[in-house]
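Copied from Swiss-Prot, the annotated features are:
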BINDING   12, 15, 142  Zn(2+) binding site
């Protein structure tokens, strides 16, 4: 099999396991090289698993999250690298406080773009994935991740940009991952009802107007990867500080998910080769 290379760019450790993880596991299993690039260490992330909300964990959160990322990458079968920036945290309140001076979201765009361009030129991916302009949700690091990823995609092949950052490499395609679609959540919620159970997604669905499911309309590419859903879930559980094993994410049985929604969804944002959506592969149209 000819080797193709996929780079998934994420803001924090755990994002790679909740957004497109089964697709990464599938391509790695098929013999392609898959690299996850994590832009920050997640140092300012909250502890979302009550069992991990302990003084010792708080005191070692950066170290623990690095270990969690190592485990998740091993489970998915992917390569991994850190870009080395510091988590910005998620400001809260009607008048949220300013972001910390040392955080990723405040690093000049040229600086963070050059750092990612170095990785792109070294790994030489055919395809990159990242978040859309809204970051998937409005965390400052997710929005910055989008900006940096798009900038690196555009700059990596330009020999005039960042001439000291390695030999230029042109990435063929850039995708946005769309992991949380209302249609999917509604389908699983309805399946709970058919089994006489109260589904866990009622409150989430209440916030979304079913007549304005704009993310679904942006999807161009659906990758069949149901065989790897269990790996996806195991990788997410490896991020024990960030996910409660009893959380809604794991509520729907895998058998339901595999039958009702066996794909992960992406939006082809930029392409330097002819593209004919709808697609079923991120590497569609690419020859190594």
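Every residue gets a Cβ built from N, Cα and C, even glycine.
Residue 15 (Zn(2+) binding site): 28 other CB atoms within 10 A of its CB, across all protein chains.
Counting only residues at least six positions away in the same chain, the Cβ atoms of 11, 15, 131, 135, 136 sit under 8 Å from the Cβ of residue 142 (Zn(2+) binding site).
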